[in-house]
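Feature annotation from TrEMBL assigns domain 'P-type ATPase N-terminal' to 59-114. Under the heading transmembrane segment, TrEMBL lists 90-109, 115-131, 313-334, 354-376, 1109-1129, 1141-1161, 1189-1212, 1218-1237, 1249-1273, 1293-1312. Residues or ranges marked as Mg(2+) binding site in TrEMBL: 424, 426, 1051, 1055. Marked as ATP binding site by TrEMBL: 424, 425, 426, 732, 774, 798, 841, 921, 922, 923, 1025, 1031, 1054, 1055. Per TrEMBL, active site, 4-aspartylphosphate intermediate is recorded for 424. Per TrEMBL, region 'Disordered' is recorded for 647-695. What TrEMBL lists as compositional bias 'Polar residues' is 647-668. Taken from TrEMBL, the feature compositional bias 'Acidic residues' applies to 685-695. Positions annotated as domain 'P-type ATPase C-terminal' by TrEMBL: 1077-1322.
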């Protein structure tokens, strides 16, 4: 340990002497240098520390910790809200019309009337904005007034302060369950190892605890740090929104620098757990914290239907201009030809100028033609649709008590237009509840058959009780999330700083998080050990080897080395946090580290063992193997390079060597001879290195037997004090539980050591020197430890098999030893392929023994990378890659990740709906193919096209060959489909399987078009070993070049890019945190929910909005044309025959609600039919799509109905003395009835809500016009409306005109619907008839069985009774 600290100190001294960015001057940076670098980094001093002048000059300009998410104040609400509202085109349009009506020469209505629509819209939106902003204000006030203990310079103590008063440079003291008020650099922890545990659920939804480490090598140690004792300067990067990155260094008064990274930073809104006290200095405050910079608000995407609507609105503008130009030209011609008028006409205005005025007057009169209010109506309809989606019980997960989340509010209709679906595999198609299934060590496969049978029983029980809620023990127990310290009496309060959600939403979110945390199945703990591996470990644990037993077996030392190193790597190569129900966290006891010293262990086993197997815990290169079972040495521990150590035997071992060959059943048959030969060669390689030999001691067999009874440890059941492992991924938890099943138990963890229980030895403290965490570039993680028995520096690495197999090399040594390693690699590769074919997730484990000098040189460069601010990630990556070379392959694991329920049925339904399903996964090729078969993405008659290339030229040639192969297959498919009796099920499909390396070439600009052409002709595409960036590029390629609607679904952080790139992103709340959910448009809990979400709700939302848009356009065009036809009879003067108040309220009140109900509740097809007949999803896109000709058909229909509605009353009143308003009264009433009944004809569903709204709309209209006619005197000058409506409604002619007009206008549409449904039945009708017939037949079968009557096979015939 002392040597390690000396190396660290020496490296930092070397860093301090360097020049450039890493140079450390004796004093502080000058202010000029600070100003020069201010654009790249920030400098932080303690607020009440010794550098007050520097603090005042630098830190006082930083932002405070107060947050403000509300937009307005009492003084600024009205001007700011109006300013924001007038950024919308609709409001600007209404404002333009209102101002235009104030111009006397173009005035069409009363000035007050034209202001009404604008005032209503502005008022409603202002009230909504005010309520939302007030809710944000209350939330901000609650957060800013939260209390935290901050160091006070005057009182020289920590006092309670509000969060809003915290400043950069303040020292903050936190206790267990406290929320972190700002981004704080951790300087002190009450944990003896300098560790702080935090929960980041408020940031990313993850409930598993994260470790944060105190900054190393602080001058003040052993007590709480204060600003007076803090003489250091902190230099770090400027505020950014990257939650996983923090770069900087802290420079002490001595001039030494220590690198800072994300593990030293406590982020705002996280919660301190399992730590009594922590102290830190504020680095970022308020809106500069990473949490607040990630607060981007709700996602906004423009739907495809909305984009098409914009085009149609432009066509409406074109129609409006044409109609206004017609009126302007007509008025000019009419005024020019007017001779001796009988009424007053402005004769001073020229016809051209009068026509110009008329143009703008008609803009005001026909303003309703542009359906600006349609945008508001669409938003309301989408809110209603989202309400029903979120409350659909079929999308509710009872086990997690979670429902679907709609995070994007304006793309619901896009769910009904999906053509390509891109899915992750792990956690999306599968459970992501990893269970250790089997493993391979030393080239020997251990199938764990009992574990497989138990999993089959579990699957059977799960299928037998699909509706039962299974209670699973949590690996993230709630007990481990709260402090058990007697000094901690605070409770945790969830204050979300990212969004201002309501308390109900917070409670729902927290309950979902707790339930999701318990979803790590306890089945992963119940690993059934393999009997053969148990026997070998029991042999290792035996305290005495029975020499007299002729059937006894001695394992090869190399194999025992692999087994022990393999399980040690399983236990320690991870970032698992250990806790238990009785203790919140397990740390390595400082007074007992190590539990047994190296010399004590040597002496113990020298006394206990006559044949020591512990040499397997050390590793040597083949050239340095010092002994074997054939020589009688007593060397137990030796040191050397990567390799392994063979057994040593004491001199009193008299075992017959002929018995040593009886271990042949423990190794592969083709390796037995090589192992024996290797042992003989190793015997000859022994030299005079005896420095580590044990002293020869005589042992009493009785003492040995007694020691065996007292100290021997066999593989058996785990103790009662059950440990809880909180892992960042299910893989890590499964592997740690597997190691524990073999008594290699991880018992505690701290920042610098691990507590591991080894079979036959007991508890050992393993010095942890470095952790190189997993990242998507390296696809592996490593730990650097000092071996607890040999004292060697060992690197244990686990990662993807494709990476580890490339990094593992055959060690140098004797020829026989080389053959052994080659056989191990060959056998391991075979096992990897077999695991992949079974659909198992594979991980490889390897190790490397370092020399002290080699480690010192690597440590120097690694510390240099850690202290870097610029290019820190690249330097750390290079440093890790330098260490992870020349690895010795130990073995591999196969982990079961079961398919989620109903995944095959869901994918089959989506494919039948015309949706192409692609799998984009990071797993290896065989695993992905096996999962594709299991989920029915691949069928038995499908043809797999494999693309694996090493260069761009090879990829180019292969893509051309595959295109020709697919083309030939399509030609044969055409011939086959034309053959009588051929079915689509007998036709082969092409499935493209491409690995990550080839995909990288295929996505290049030169090959992109070829890859796109090939993939579009395939039934499905499986991309293996793909990176997150490749996933997003594939989605972007399809989205941009084919112009189809894409959907991406995933559950992990590696799927975020893909989810955000797709038109619709869906996140699954699984085991890998909430990053995918937080980046998605919709969040679900199971993959099976996709079928109902798309086939039912997607179909409904698209159909509803499509029909509502057409209806809205029809309604506006039809009503506006009534005013246009009247212009032909009033000299195009802009006069109207309808009361201006009724004219304004017609769209605002009388006909506004029915379209909303129509868009929310209409159902063209029942949900059961849509689920049973997925073809209807694609048929709705092709047969009734929102295309341009539908717009013009709707406009023509509106023109016809307006002609009927205008000219029937015109001819009825021809020759009478009816006035202007008397003529318009039946026209307006008929238009209302036609518009409402038109919706009845177009509706597919009529409920009591529909009928109630229609009746109330009609009743409201007639009630309003009657009251208006009875009491209004001068509300519509210059004409008077008094008594007009009452007189008209008292005459039978009014009702005759209304009935005749309505029937005449609607008969053509009604007749067309009847003929179309009778003579041209579509797919929906036929499929609905089939489904209804099948349901009827099933009901009849049930009834006949109950009455014991025979059932006719033909559902169309009645059952015959004899």
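Glycine too: its Cβ is placed from the backbone N, Cα and C atoms.
All annotation found in TrEMBL is predicted automatically rather than curated by experts.
Locations of recorded TrEMBL features on the structure.
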residue	record	CB count, 10 Å
424	Mg(2+) binding site	30
426	Mg(2+) binding site	27
774	ATP binding site	20
841	ATP binding site	25
922	ATP binding site	22
1025	ATP binding site	23
1051	Mg(2+) binding site	33
1054	ATP binding site	22
1055	Mg(2+) binding site	31
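The average per-residue pLDDT of the prediction over the domain 'P-type ATPase C-terminal' (1077-1322) is 85, rounded to a whole number. Put simply, residue 1054 (ATP binding site) is 9 Å from residue 424 (Mg(2+) binding site) when counted between their Cα atoms. On a Cα basis, residue 922 (ATP binding site) lies 9 Å away from residue 426 (Mg(2+) binding site). Annotated pair residue 841 (ATP binding site) and residue 1051 (Mg(2+) binding site), C-alpha to C-alpha distance, rounded: 17 Å. Simply put, out of 115-131, 354-376, 1141-1161, 1218-1237, 1249-1273, 1218-1237 has the most Cβ pairs sitting under 8 Å from the transmembrane segment (1293-1312).
Geometry remark: residue 1025 (ATP binding site) versus residue 1055 (Mg(2+) binding site), CA distance 13 Å. Here ATP is bound by 424, 425, 426, 732, 774, 798, 841, 921, 922, 923, 1025, 1031, 1054, 1055 per the record. The longest Cα to Cα distance in that group is 24 Å.
A separation of roughly 18 Å, to the nearest angstrom, links the Cα atoms of residue 774 (ATP binding site) and residue 1051 (Mg(2+) binding site).
Between the transmembrane segment (1218-1237) and the transmembrane segment (115-131) there are fewer than 3 Cβ pairs closer than 8 Å, counting only pairs 6 or more residues apart in sequence, which means the two stretches are not in contact. Most Cβ pairs under 8 A with the transmembrane segment (313-334) among the ranges 115-131, 1109-1129, 1249-1273 are made by 1109-1129. A Cα-Cα distance of 11 Å separates residue 1055 (Mg(2+) binding site) from residue 922 (ATP binding site). Calculated from their C-alpha atoms, the gap between residue 1051 (Mg(2+) binding site) and residue 922 (ATP binding site) amounts to 13 Å.
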